[in-house]
Amino acid sequence: MLSQNHLHVSLLYIVLLTGTKYGCGGGGCGACTVMVSRYDQLHNRVLHYTVNACLQPICTLHGSAVVTVEGIGSTKTKLHPVQERIAKAHGSQCGFCTPGMVMSMYTLLRNKPHPTMEDIREALGGNLCRCTGYRPIIDGFKTFCDVSNAFNLFPQASCLIQSTCLLTNHKRACGSLCFQGDRLKLISPVDLTNLLELKTEYPEAPVVVGNTTIGTNLLLCHLAFVFQNFFHSTRNILSHLHTVTWGKDGVSVGAVCTLSSLKEEMEMAVREMEAERTRGYQALLQTLRCLAGKQIRNMATIGGNILSANPKYDLNSVLAALDCTLQVMSKGTVGQICDHSISHYLNGKDMYLFLQFAFSIVNAGMKVVFKEGSNIVESLNIYYGGVGPTLVKVGRTLTPQALRCSALGRCATQEAACRFSDHVSLFHFKTSDIDPSEALGMTGVVTFLSAGDVPGQNRRMWFNNPEELFAEEEVTCVGQIIGAVVAESREQARRAAQRVKVTYQDLLPVFFTIEEAIQHQSFFDPKRKLERGDMDKAFETVDQILEDEIYLGGQEHFYMETQGLIAVPKGENGELELFVASQHAAYTQEVVGITLGIDSNKITCHVRRLGGAFGGKVMKIASLSAITATAAVKTGRAVRCVLERGDDMLITSGRHPFLGQYKVGYNNDGTIMAADITYYSNGGCTLDESSFIMEKALLHMDNAYRIPNLRGRGLVCKTYLPSYTAFRGFGGPQGLMVMESVLHEVAVKCGLPPQKVREINMYREEECYTHHKQLFSPRDMLRCWDECLDKAGYHDRLQAIQQFNTYNRWKKRGISAVPMKFGVGFSKGFYNQGAALVNIYKDGSVLVAHGGTEMGQGINTKALQIAGRILKVPMSSIHIKETCTGNVPNAAPSAASFGTDAVGMAVKDACEKLMRRLKPVMENHPKYTWQQWIVEAYCQKVSLSATGFFLGPHTGVDWENSEGTAYYYFTFGACCSEVEIDCLTGDHKNLRTDIVMDVGESLNPALDIGQIEGGFVQGIGLYTIEELQFSPEGVLMTRGPSQYKIPALCDVPPQLNVHLLANAQNPHAIYNSKGIGEPPVFLASTIFFAIKEAVAAARRERGLGDSFPLSSPATAERIRMACEDQFTEMAPSPKKGTFKPWSINI
């Protein structure tokens, strides 16, 4: 057991409690949250707290009770109120994060049956959701704040847990406990003396309490040691190290005291003591509130935080500035470090990627003491963390511009590549020779796969570009797959992958950025262009010409469930079954067939549901499926492959980075007469879907604006990075963003409000033509715009913001509103099709199978609604079968916001066929029930099975003539957002957002609003938070939630108002509805432009211009530097080429 000693392994693979999900392996997402109950001997009570099962060693839970989501309620018995309310509030889309959310809320209610909203926000601070936008989750859980809704939430669980904990603790032996496996040995000491003796005997063994440092290092660094000792310091046994003692001069905190316990003590001190004495405690409390999530704070200890010596850990700088004393002990010796009296006057400040659940970028602890009755500084302590390998102290120097720093302590760092997955282990380096012999000799290893083991084609062509399954001769990126290890267990495969020896030679030139690709003229074909009007003539007649550019960074999908599948050989006629998480099962089937050299009719792909996808499970999963299928065929056994989070981020890549360069001709009144825009995207090392994504960016470049002379050119750069792929919006958010940047900069140059310039240039005629000559009516788009400004109170709030900015020097607010026109459907017309199969059984029940995949967007729910509406039966009588290539062949991908349109029409067609067959039976027996009609139809030999097919519109673009109907129809919307920035730190708060969306006649308003909110919050990440960082050598450094931050609950605007446009029609789609999955992502650009308005307000106050560069995402660092003041002048940016950057803009 100790070789796989974490709690989640036991839950998922041994006791088979699969409700606890595994999302990241580092305690960074909260999907694996469970409740631990432990008896507290000091206070004679049972403690309930949440932990991350992926970090919690199973042996450390001796004497504890663990409750998973299965233990509180289920659909088989009865749902717990927490589960019921999150469901009724539509707080679950893909559902992968839901068990963790439920357990966090359940544990809060165990400790506090009547929580406040602040309690709920803190409890959920360690849980991430990529689908919902968090609002419906909060809506469901905030009902527990109402005392009138209170009832007995835990009728029997309390007695059961308390009895278990008491019984286990009474059975505890007097001596220490020892757990030993084949690679690990864990000793739980009986008391402090025993611990010191053990530490003397095993000086290199770490002391583990929460495992939040050791656990993540084991995962991220892949430490491959033969034998390792650990000491587990239980809180009950080492009570001396757990206590918090208050005295007249301050407080003494035991090293085993968790960060949650410390936070509670600080909150008590702030409440009960006079304010003058609690300044230091307030600073410490401020830091603790932002440090990690609730689960990590429940596990991590103050001693571990200090002794980890990580400069990014926040507490050390605050504690150092407080002149705290650190008492250290060894056998027979007691000593002190930093022996100073404790003071309470402190200001702690941190600069975060994130407001919650984060490591700081830079942290500081500052303590100043003034001479009594004066403003003379008597003493000053300043400590910085995150500015070097160690904590540094600032000292006085001769020049006021310079700072002298002295290092405190040591910090050791390690780097290693993530190279494993689950049961099939993948690894990746530039290679000329591979030697797997050592790996093959390890216990549990079954075989090794490389290009030579592929029975069919290892290389296939994708639109005239080669795609390799395994690298054969040349590896073109860090992250390309060169081989796979198959082993009996996940851990064995992971360890064996580290032992495969790879030798390689560097190939030059190697480049990674768009700029470098332009210099080398490295582009994929085809290069696209759209143009209308006479550009040269227009530029000769305009009042002003502006040339500028904007860079937009990429984005990681961060679906909560990583890529995974199971391949099962059937052992007869070469048949193979795949249980795969794919948005495009037919394409997966095709790629596996090519790889194995067998026909598609022998390969069956099953897709039940996806734990999020967002476009990332269309292409990449097909290659992983082919690798896993190859392993299954070679071994003759079922093989499972699930990527670890770091491997998933490294291998599969995400949204394309874009560079938009533009030349704009405009008149002084803000009318844009001509725009010439060149789009560059970083496509990576292979084509993937990059050319289609660039096409969509070009097709959306006009957005809502009638620019008479418009030209767009699109070039996909070929670089030595993992190939970028589809992501929600598919190039639309990038293409739209560049145009909105054009409008914003023109408004600045003209000295006009951006909202006015947008209105001047909008499409307004009843019948308008896009720049690719597609006819549409902007009527509903204009209605969305007007209603949005009205419901948001835009003009009144703009005046209030101006007044706020006048009276606040270091905090500024901004507001921005943006319209949107977004094309729905595939511009490649052959994808605009859908198919379904509907069977009616003699008992009257209905089975529906369709070609779409459920990934949280609600396609199955809408299919149920449509079938129920046509057949006139309750939805409870209808069952949706898994997506299966054996039932519905050759299905199009669930993408482009077109899934419900295609599948819904196909289901409708099949149901209408059945109703036409049943019509004579119904007319002849009008008093029969539904079941009697079906039985009678069966007796009359009427077929009760029907296929449905939707022949979608023919779409396509003639790129030579810049014309064509690219989309089925357009979804319209408008959004207004207000933000507040901190000019000193670059931090920003999203205050309010109002969205008006045209969804036609919504099939299900709850689902559509959920998609709008979820897409918008994902867009917040794209434009403000999520930043992919690559080393100068092209290695992705942000490979997990500790380095890469997606929006959390704290990033959602407190006021998020979504309105569906009334009386909207769409005759093109199912029941006049509209596709809604992708469009809302772009609406979050209003946050970006509101930030830009706030920065401009700060710059105007300092006499600087309103026009300034700001790349996306608008991170804290970029906002801070854009504000420009006397402080930024002290840290001028070095000239390019004079230094080696730690990360590059790709």
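Cβ coordinates come from backbone N, Cα and C, glycine included.
A TrEMBL annotation is a machine prediction, not a hand-curated record.
If you look up TrEMBL, you'll see 1-25 marked as signal peptide.
Taken from TrEMBL, the feature [2Fe-2S] cluster 1 binding site applies to CYS24, CYS29, CYS32, CYS54. Taking Cβ-Cβ distances under 8 Å and a sequence separation of 6 or more, the neighbours of CYS24 ([2Fe-2S] cluster 1 binding site) in its chain are ALA31, CYS54, ARG645, GLY1040, PRO1041.
The annotation [2Fe-2S] cluster 2 binding site is assigned in TrEMBL to CYS94, CYS97, CYS129, CYS131. The Cβ of CYS94 ([2Fe-2S] cluster 2 binding site) has 24 other Cβ atoms within 10 Å, all protein chains considered.
If you look up TrEMBL, you'll see 179-364 marked as domain 'FAD-binding PCMH-type'. Along the domain 'FAD-binding PCMH-type' (179-364), the predicted structure has mean pLDDT 76.
Annotation source TrEMBL lists FAD binding site at VAL207, VAL208, VAL209, GLY210, ASN211, THR212, THR213, ILE214, ASP314.
Cβ neighbour count for PHE949 (Mo-molybdopterin binding site): 14 (other Cβ atoms within 10 Å of its Cβ, all protein chains included). Here TrEMBL flags PHE949 as Mo-molybdopterin binding site.
Taking the centroid of the Cβ atoms of CYS94, CYS97, CYS129, CYS131 as the [2Fe-2S] cluster 2 site, the other same-chain residues with Cβ within 8 Å of it are SER92, GLN93, GLY95, PHE96, THR98, ARG130, THR132, MET560, GLY611, GLY612, GLY856, GLY1014. Shown are the binding-site residues ASN211, THR213; of these, the residue with the fewest other Cβ atoms within 10 Å is THR213.
The Cβ of CYS32 ([2Fe-2S] cluster 1 binding site) has HIS8, THR20, LYS21, TYR22, GLY23, ASN52, ALA53, CYS54, GLY100 as same-chain neighbours under 8 Å, each 6 or more residues away in sequence. Taking the C-alpha atom of ASN211 (FAD binding site) as reference, the shortest distance to any of the binding-site residues CYS29, CYS94, CYS97 belongs to CYS29. Comparing CA positions across the binding-site residues CYS97, CYS131, VAL207, VAL209, THR213, the one lying closest to PHE949 (Mo-molybdopterin binding site) turns out to be CYS131. Within 8 Å of the centroid defined by the CB atoms of CYS24, CYS29, CYS32, CYS54, the record's [2Fe-2S] cluster 1 site, lie the Cβ atoms of HIS8, LYS21, TYR22, GLY23, GLY25, GLY26, GLY27, GLY28, GLY30, ALA31, ASN52, ALA53, ARG645, excluding the listed residues themselves. Looking only at other Cβ atoms within 10 Å, the busiest spot among the binding-site residues CYS97, VAL209 turns out to be CYS97.
Cα to Cα, THR213 (FAD binding site) and CYS29 ([2Fe-2S] cluster 1 binding site) are separated by 16 Å.
Each residue contributes its Cα atom, and for CYS29 ([2Fe-2S] cluster 1 binding site) and VAL207 (FAD binding site) these two points are 25 Å apart. Between CYS129 ([2Fe-2S] cluster 2 binding site) and ASP314 (FAD binding site), the C-alpha separation comes to 25 Å.
When the binding-site residues CYS29, CYS54, CYS129, CYS131, VAL207 are compared by the number of other CB atoms within 10 angstroms of each CB, VAL207 has the fewest.
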